[in-house]
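K.L.:
Before I ask anything, here is the structure I am working with.
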Amino acid sequence: MANEEDDPVVQEIDVYLAKSLAEKLYLFQYPVRPASMTYDDIPHLSAKIKPKQQKVELEMAIDTLNPNYCRSKGEQIALNVDGACADDSSTYSSKLMDKQTFCSSQSTSNTARYAAALYRQGELHLTPLHGILQLRPSFSYLDKADAKHREREAANEAGDSSQDEAEEDVKQITVRFSRPESEQARQRRVQSYEFLQKKHAEEPWVHLHYYGLRDSRSEHERQYLLCQGSSGVENTELVKSPRDKPVAPSNVLSMAQLRTLPLADQIKILMKNVKVMPFANLMSLLGPSIDSVAVLRGIQKVAMLVQGNWVVKSDILYPKDSSSPHSGVPAEVLCRGRDFVMWKFTQSRWVVRKEVAAVTKLCTEDVKDFLEHMAVVRINKGWEFILPYDGEFIKKHPDVVQRQHMLWTGIQAKLEKVYNLVKETLPKKPDGQSGPAGLLSGDQRVQVAKSKAQQNHALLERELQRRKEQMRVSEVLPGVRIKEEPMSEEGEEEEERDAEEDEEPMDTSLGGGLHSRLANGLPSGRAAGGDSFNGHPPPGCASTPVARELRAFVEATFQRQFVLTLSELKRLFNLHLASLPPGHTLFSGISDRMLQDTVLAAGCKQILVPFPPQTAASPDEQKVFALWESGDMSDQHRQVLLEIFSKNYRVRRNMIQSRLTQECGEDLSKQEVDKVLKDCCVSYGGMWYLKGTVQS
C-alpha cells in the first residue's frame with residue numbers, strides 16, 4: 001500500500017484496437033546501422049514477397065562513393081558473378097557491386113502477443129501484427145560466382161581424348177522400373193525436407209511497390225493504424241467492466257445478446273447496421289416492454305428523420321479521425337457529403353448521383369456508398385429513397401418532426417455555406433394529390449426539367465446571337481481571340497458509358513463531364529484565351545484569390561512530388577480541401593480543366609507516356625504531369641529522364657544511365673542517378689516506370 005501511494009496514477013489513457021491492417025501488418029527488423037542513417041534514406045530498388053511462406057526479399061542500393069567502400073573488391077565480386085560480358089541478365093549491370101539483397105526469416109511463429117502502437121491526441125491505438133520478419137543479408141551472388149567457376153572448370157576438362165569419349169559411349173546402361181508408391185511412403189516423402197523445399201521454391205514471387213516514409217501513399221496508409229471508430233461501442237473489446245457487464249462487439253449481435261445492453265447502445269448498434277428504419281420496426285426489434293418515449297429520446301441522438309423514417313447519422317458511420325477506404329478523404333468531408341445526400345432526400349424522393357458528385361466533389365465510390373445506404377437505383381430515373389413515406393409517424397409525433405425540421409434547417413444553412421448552394425423554390429403540389437407535400441416523383445422531375453428548359457430557351461438564343469456577334473468582330477479585328485471549348489467524341493462516349501453503368505438520367509448541367517472532353521492534353525493556344533469556368537477567371541489570371549490559392553497548392557505539391565498523374569493530383573487536392581476551414585475560397589468549385597491549366601501555368605509539362613494498348617489505367621491515370629524546372633542541379637537530368645519516358649512506358653536502369661551520360665556529357669555518379677530515379681520513378685519487376693503509371 002505504501003508503494004502504491006508513492007507511485008500515484010498521473011494520467012489515464014484510452015486504448016483502442018484498430019483492425020484495418022490486422023491481417024496485413026508486418027514488422028521488419030533490419031540489421032543494425034549507425035543512428036545517423038535510416039533505411040528510408042537508402043534507395044529500395046525492388047521488393048517482392050511469397051505470401052504463403054511470409055518470405056520477403058528487398059534489394060537495396062549500396063553507397064559506392066562512401067570512403068569505407070572498397071571499389072576494387074566491388075569490381076572483383078561483379079566480375080566473379082557476371083563474368084566479363086555484361087547484359088540485361090547481369091546481376092550488377094554497372095560492373096560494380098552496387099546493391100545488396102536482404103532475405104527475411106520469421107523471428108517468431110506466435111505473433112498474437114505483439115502489436116504496433118500509435119499514440120495520437122491522448123489515445124493509444126493498437127494494431128495486431130500479422131508477422132515479424134528479420135531481414136538478413138543474402139549471399140546468393142556467391143552461389144552464382146561458384147556456378148561460374150564450375151562452368152569454367154568443366155570447359156577446361158572438356159579436352160579429353162576421343163578414346164575416352166568412345167569408352168563413355170559404350171558404357172553399360174541399367175534400366176530400372178519404380179515400384180508403386182505406398183501411402184506411407186508418399187506421406188514420408190511429402191513430409192521430407194527436400195519436398196518442402198521444392199514446394200517453397202515453386203511458390204511464385206509477388207512484386208511489391210516500395211513507398212518511402214515521407215511519400216503521400218505512406219501517410220495515407222498510416223491513417224489505418226488509427227481505430228476507425230474510436231468513439232463507438234465497437235472498440236469496447238479492450239474495456240473490462242466490473243461484474244462481467246456485457247460489451248457491444250463490432251459486428252452483428254444475436255437479439256439475446258443485444259437486449260442485455262443499455263437501451264442507447266441497442267439503438268446505436270441497430271441503426272449502425274440497418275442504416276434506415278421506420279420507427280415501428282425499431283420498436284418491434286427492441287421488444288414490447290420498452291418505453292417508446294425513451295426510444296424516441298435515444299433515436300434522435302444517433303439518427304435523423306427523413307421522409308418519416310430514421311436514417312443513421314453520418315458521424316456514427318464515419319467517426320472522427322477515420323477516412324474513406326476508396327479515396328482516403330477524411331471523415332469530416334465524408335460526413336458533409338452524406339449529410340448533403342440525406343438533405344436532398346428530405347426535399348425529394350429522387351436524387352441523381354452526378355448531381356451529388358458535382359456538388360460534393362467526392363469520388364464515385366464514396367457517393368455510391370452514401371446512396372446505397374438509403375436508396376435504390378431505378379432505370380432512367382435515378383436513386384429513389386429506399387422506404388415509403390411514413391405519414392403515420394409524422395401525424396403521431398408532431399413535436400419530434402418540428403425538432404427535426406429545425407435541425408435540418410441548420411444543416412441546410414451549413415451546406416449552403418460550404419457548397420455555395422443556390423436556394424431553389426420547389427413547385428407546389430396540386431391539391432388533392434396523394435403523398436407528402438414537397439416530395440416529387442420521377443415524372444414530376446421530368447416535367448420540371450422540361451419547363452426549366454423552355455424558360456432558358458430564350459436566354460440560350462440571346463447567348464447564341466452574342467457569340468455570332470463576337471465572331472463577326474473577330475473577323476474585323478484579327479487581334480481579338482475568341483475561345484471555343486473543344487468537345488471530342490471520346491468525352492461524349494465516356495458520359496454515355498457512365499450513364500448506362502449507373503442507370504441514371506443523363507446529367508445536363510454545364511459542369512458535368514467537362515473534364516473528359518480533352519483527350520490526353522490541352523489544345524494549343526490555350527494560354528492565350530480568356531475563358532472562364534462557372535464564373536471564375538482562368539487560373540493564369542493571378543488577380544483572383546481562387547487562382548492564387550490553387551497556384552500555390554500546385555507549386556508546393558510538385559516541388560515535393562515532381563511527377564504526378566491527374567488522378568493522384570486530384571486525390572491530394574481533395575485531402576488539401578479537407579484540411580481547409582469551411583467557406584474557404586477553394587470550395588467555390590475547381591474543375592479538372594481549371595486544375596490542369598494551373599499545372600501547366602506553374603511550369604509543369606504533360607508527359608505523353610505511351611501506355612500499352614490493353615492498359616487498365618483510367619484516363620486520369622494516363623495524364624502524367626511533371627515539374628520541368630525546379631531550380632536545382634538535377635533539372636537537366638530529370639528533363640532527359642522525362643524525354644525517355646515520353647517514348648517508353650518502362651525502361652531498364654542501364655539504358656537510363658547510358659542516356660543520361662550521353663545527353664549530359666559527363667560521367668554521372670550512381671548517387672546522382674539514384675536521386676533522379678527516386679524523384680520521378682518507381683521500380684517494379686526489374687524495370688523502371690514513371691510514378692503512378694505502373695500497372696501491377
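Backbone N, Cα and C define each Cβ position, glycine as well.
Okay, so TrEMBL annotates it like this:
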type	residues	note
REGION	146-171	region 'Disordered'
COMPBIAS	146-155	compositional bias 'Basic and acidic residues'
DOMAIN	428-696	domain 'DNA-directed RNA polymerase III subunit RPC5 C-terminal'
REGION	475-542	region 'Disordered'
COMPBIAS	487-506	compositional bias 'Acidic residues'
K.L.:
Which residues of the chain, 6 or more past the ends of the compositional bias 'Basic and acidic residues' (146-155), have a CB below 8 A from one of its CBs?
P.N.:
80-81, 83
K.L.:
Taking DSSP states H, G and I as helix and E and B as strand, how many residues of the compositional bias 'Basic and acidic residues' (146-155) are helix, strand and coil?
P.N.:
10 helix, 0 strand, 0 coil
K.L.:
Tell me, what is the mean pLDDT of the domain 'DNA-directed RNA polymerase III subunit RPC5 C-terminal' (428-696)?
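P.N.:
Its mean pLDDT is 69.
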